[in-house]
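As structure tokens, the structure follows; a few thoughts come after it.
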Amino acid sequence: MATVHHILRRAEEDEELNCGAGGGSDELFGLRVASIFIIMVGSMFGALFPVLAKRTRWLSSHVPNGLFEFAKYFGSGVIIATAFIHLLDPGLEALGSPCLAPGWSDYPYALAIALLSIFLIFIVELIAFRWGTAKLAKLGVSHDAHGHGVGSHAAHGPESNRQLGGDSSNPQEIAQIEKFPTDVESNASQHKALASHYDDHAVVDSAITQIIGVGILEFGVVLHSVLIGLTLAVDPDFKVLFVVIVFHQTFEGLGIGSRLACMELPQKYNYVPILGALIYGVTTPIAGLGVRSTYNPGSTTASIVSGVLDSFSAGILIYTGLVELLAHEFLFNKEMINGSNAKLAYAIGCMLLGCGIMALLGRWA
């Protein structure tokens, strides 16, 4: 009798299971279209607000620095929770779909892809830092790969050995000043000009390493946003999912925006943080609008694609969250190491709050 019941239940599941092509639910079409613009506003606000608050004179004078610090640490927690709850778990689920061939269940492919992603990102960053450090060494400038400076963050730039108007670290320059003491003022002027030349090169090289670091983070977040847009466009449980995703995308935007705002770039690269925020803001709505009538999230192809992308993105955000954000913000940051216990507790509390809220949203989306 139990066997018959099992067979009947399996037959009902097979009837409900749709592994083919075709779109998802067509209910609440008007609200689905409106959600595109609502989510775009939420995503844009979350990503652009920290950038504009840091870079525009009016906002920077009206937004307290404490709010910006809160957004930075809160965003770090959001990104870490996104990696595990919103990417790795869906990746495991998608690559374990009953629509896939039995071979997919013989090995934890989602975890393997995430592991591969972590090491790929590590190698890319390692090569980028070695290349940048070698270029700076030719200019006589040291590079602090850990970002030990005050307020440091991922992919921070050089800590120059030269200081404008300070003591020279070049033995030849010191000897020249000692040999001609009457020309100290002239040498100091020349030294300032030389230091400015070195610092200009250092800033450019630092900008490249910063763009690579934040670009890797944004790549993982944007892939996730595309998949969210696809799901939102066709999921039958739209109302609950819509509310959750509005908060989800706003908080995630706050995380990426706070990282973009921390970038210290020369004038010609000032557009990069704003461009990064705009790209994040439009990915979810465009993805949902483009495939609403053709995308079936339960199909074999969709399960493989979303599973691979989720797992790969999870690896990116795990590496970025734990190494670039957690380690650089707390373990390798002099401001945290030498700061008060209250400041450290506040920063950790903000991060745990962001992580907790984002993890809780994983209950519904």
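Each residue, glycine too, has its Cβ placed from N, Cα and C.
Predicted automatically and left uncurated, TrEMBL annotations should be read as such.
Per TrEMBL, the feature transmembrane segment maps to 29-49 (among others). A Cβ distance under 8 Å defines the sequence-distant neighbours of the transmembrane segment (29-49), meaning residues of its chain 6+ beyond its ends; these are 71, 225, 232-233, 238-239, 242, 245-247, 249-257, 260, 274, 276-278, 280-282, 284-285, 288-289, 292.
For 70-88 (among others), the entry in TrEMBL reads transmembrane segment.
Sequence-distant neighbours of the transmembrane segment (108-129) (same chain, 6+ residues past either end, Cβ-Cβ under 8 Å): 88, 91-92, 94-96, 143, 145, 208-209, 212-213, 216, 307-308, 310-316, 318-320, 323. If you look up TrEMBL, you'll see 108-129 (among others) marked as transmembrane segment.
According to TrEMBL, the feature region 'Disordered' maps to 149-170.
Residues or ranges marked as compositional bias 'Polar residues' in TrEMBL: 160-170.
Taken from TrEMBL, the feature transmembrane segment applies to 211-234 (among others).
Summarising the annotation, TrEMBL assigns transmembrane segment to 240-257 (among others). If one looks beyond the transmembrane segment (240-257) by at least 6 residues along the same chain, the residues whose Cβ comes under 8 Å of a Cβ in the stretch are 31, 35, 38-39, 42-51, 71, 74-79, 82, 86, 217-218, 221, 224-225, 228, 231-232, 276-277, 280-281, 284, 354, 357-358, 361, 364-365.
As annotated by TrEMBL, transmembrane segment applies to 269-291 (among others).
Feature annotation from TrEMBL assigns transmembrane segment to 311-332 (among others). Through the fold, the transmembrane segment (311-332) approaches residues 72-73, 76, 79-80, 82-84, 87-88, 91-92, 95, 109-111, 113-118, 120-122, 146-148, 152-156, 213, 216-217, 219-221, 223-224, 259, 344, 347-348, 351 of its own chain, all at least 6 residues removed from its boundaries and within a Cβ separation under 8 Å.
Residues annotated as transmembrane segment in TrEMBL: 344-364 (among others).
When Cβ-Cβ distances below 8 Å are used as the criterion, the transmembrane segment (70-88) is approached by residues 49-50, 110-111, 114, 153, 217, 220-221, 224, 248, 251-252, 254-259, 261-262, 310-311, 313-314, 316-318, 320-322, 325-326, 329, 347-348, 350-359, 361-362, 365 of the same chain, each at least six residues removed from its ends.
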